[in-house]
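Q: One structure, pasted below without further comment.
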């Protein structure tokens, strides 16, 4: 801040007093200058030590911020959760495919086994006196397991000799049949059988029965493993 004292102030005074006034040119004419001291903050701000301290503080703050950086959960989900989700979806798709395949195989098995059971029942229970041995022996090829053995024994020891000696003939029909259960290798079918038996010249005898037939798939063929009248 600068303050100037000029001679104009002296000129306004009484001229009579002018002689009495002793001028001090060196003091009056000179300009008195008052220079304000710089603020303490400016000196500190320009201080090298202060700048170093500020830089150190700023660096520490950056380190703290870097250490406390937030986790990018979106990236975690992309690289962590999505592969797991893809695996789950693959497993689900595989299970659904297997389930669909199993259901298709079961439906095919139901259709096939019902027809096989109907045809086999007719073959097992139908014969004539002159052709009983050939017909019943051929029917054995539709059987499997212990039932095949028991049927072979029954026909060889009882049915075939009786048909020849007493001129017995039998005719079987299956008016209805239905699947009880079925999968790729096993099935159960219920058949309703009507059988007409003629002995010699006697009148025909009709019987009706229901039979539960168990079946197994052997070498890609459906064979009867159980024949249980109900």
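Cβ coordinates come from backbone N, Cα and C, glycine included.
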Q: So which range, 34-54, 55-75, 76-96, gets flagged transmembrane segment in TrEMBL?
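A: Feature transmembrane segment in TrEMBL: residues 76-96.
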Q: Kindly point out the range from 1-27, 109-135 that TrEMBL annotates with region 'Disordered'.
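A: So the range that TrEMBL calls region 'Disordered' is 1-27.
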